[in-house]
Each structure stands twice: as structure tokens, then as C-alpha cells.
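Annotated in TrEMBL:
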type     : residues : note
DOMAIN   : 1-106    : domain 'Ig-like'
DOMAIN   : 108-221  : domain 'Ig-like'
COMPBIAS : 148-163  : compositional bias 'Low complexity'
REGION   : 148-177  : region 'Disordered'
DOMAIN   : 227-320  : domain 'Ig-like'
DOMAIN   : 325-361  : domain 'Ig-like'
Amino acid sequence: MTEYRSSVRVEKGERAVLPCLAQGHPPPKHRWFRISSAEYQQEALGSGASDGLDSAVPVMLSDTVILLPGGPLLLHAAGTQDSGRYLCVANNSAGEDRAHTDLLVAVPLSARIDPSVQVVDVGRSANFSCRVGGHPVHGVVWTHNGRRITPSYTSRPPTSSTSAIRGSGEAKPSSGTALSRITVLSRDTLHINSVNRQDRGMYQCLVYNDRDSAQGSAQLVIGEDAPVFEQVFTERQARPGTTVSLRCSASGNPLPQVTWSLDGAQVPEHYHVRIGDYVSGERLVHSYINMTGVRVEDGGLYSCVARNGVGRVSHTARLNVLGKPLIRPMANVTALAGRTMQLHCAVAGHPIKSIVWQKGE
């Protein structure tokens, strides 16, 4: 053989030409065969199977499959069914020679994930299926919010790296989610066991081969869920006249409403105190109090409470403004005999050396 190719790749619908040029005298005749699929797979696995005619089927010539002068084989509008190993045999009265060519008919890759949007309650499981089209497919990679899912993968909150314990006001580093909960069951199926908030977001399956790639996307939405603080303020100290900002960020579904109180009463909005909130793209409610030119009377025990139709969560911490002690007036309290009653001394100023209670005059 003076000219042949070990492999030919064409796109589906294109013409495929398998060259096979042999020289000799008398001029050799050319015949084409196709290796059976089973034999081809054995050879691909390195089993040592030969490319002999015992495993080959003659190629049937037609209007679309033509033997060109000199020996090349032409396939008009090649399809995926034409992919495989072909064997060219050239012989004359003096002998014969053989060469094989692997034909790959590629189809543009495509990918989509079913379902495209999935709403799952916390604690339930979820499955995504990647519907793959095209040929060949060398592999499928799954990602979550742009991060590849690997054996070391842990899901993370989309924004803050801290989360608050419900009702305690204590901030802790987020530990993430172990891969043992998020499993690629097969090449095309992703399973999430016991869904939590960190699992929300976009999931992608990337399908690829050596020349092409495609991607499908789907969104995981957390169902109805009680509020949880993703970020909270901590106890702090400030000098009079400085600027102070307190912030609470909460997640939940439906989106929670966040309210503020100072020593159990509504925070008074003066010209130097502003309360506001906004919702970020990660469906977090960010609520804040901004104080410019802070005063001693602005100090005290601040609380933020996040509520929705499923539940509530609260966080409390002190703002200590340096200055003389100040006691806020206490409202009258009505109590039932034999029941427990609690009184709170709302104190501002810092530092406070002691608090003494008196009854009556």
C-alpha cells in the first residue's frame, strides 16, 4: 500500500473518502470490507484479534457507496451507522496487501438537563438527568454554580462563608456539604440526598469530545423553608460621633421580612439613623441599620428578627457607645399572681460598672 489513512473523521451528512492506493504489476484490484462490530471492539480493547477476512463483511456498493478509480471508497452523506473499521484488500496474481481505516462519523454534541427547574424541600432528595445527543461522547462533567463536582467537592453558600445558628445569634464557619450526599449515579444522572440550602443554584452537565462540547443547565430551588441567618452583626464598641452599621442577612422561602428592635422597642428613626433592606441575586434579604454621628443613647441591645410563613429566627447583640450611663424609661407591666415575670433594665453608655435594682421610692 502506498497511500491509506488509519482514521478518517467527517461530520454527519458529509462525504467520506477512504483512500487506498496500491501499486503493482499487473495492476491490483481493490475490494473493501467492513470489520464486524464485535471484532472491532475486541481490537480496540487490545485483545490481539486480527483484521482478517474471517471477521469482515464485503461493502455493498450502491449509488451512495462508490468504489472510485484507483481504489478509494466514497460514501455520500455519511451517517452514524457508517462509523466503524473498514478493510481495503488489494491483490493481483503476485500477491495481496491490506490496510484498515477507522471511519468516525461525528454528530454535533447537545445536552440538556431534565427537569430544567426543580423545587425541593430541605431534607428531600433530588435527581437531575443529562440528556446527551451527538457522537462521539468522550465524557460528561457535572458542575454546581460553576464548581466541578469531584470526590473532594463540597457545596458552599453562594455568598457568605458564615451562617448563624437558629435563634442563638452565634456565627460559625459554614462546613459545606460532603460529596457523599451528591453522587453521580451514572454518567448522565446526578443524585442529591437530603437537600439543604447550600445545594441551591445552577447545575450544569458538560458533554465533550476532542473537537466539540455542549452544556445543559438546570436550577435547584429550595421549597418552603424557615428563615436562617447567613450573616449577622456582633457586639461592638463605638465612640460618639462615629459611623456604625449593623447588618443581618437571612435566607428562607418565602423570602423573610426582617424587623429591628432596640432594648425590646422599635428602633427610633432619627435623621442620623436609617433602616433599609434589599434582596440580592442569591435570594438573600440583607437588612441594615446605618447610624452617622452615633450618640450614647443609640447604644443598647439590638435585635433583628426574620419571619416568613414557615417560621422565625432572631439574633441579638449589644452596641456599646462610650459615655455616661443612661437608663431608658421602663413601661408599666401587668402580671398574674403566681406567674413568672421578667423586667429588663435598658441601659446605654459604656463601660457600665454595675446595675442596682430598687423597689418603690
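Using N, Cα and C of the backbone, Cβ positions are placed for all residues, glycine too.
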Going by DSSP, how much of the domain 'Ig-like' (325-361) is helix, how much is strand and how much is coil, in residues?
0 helix, 7 strand, 30 coil
Counts by DSSP class (helix H/G/I, strand E/B, coil) across the domain 'Ig-like' (227-320):
3 helix, 57 strand, 34 coil
Count up the helix, strand and coil residues in the domain 'Ig-like' (1-106) according to DSSP, in that order.
14 helix, 49 strand, 43 coil
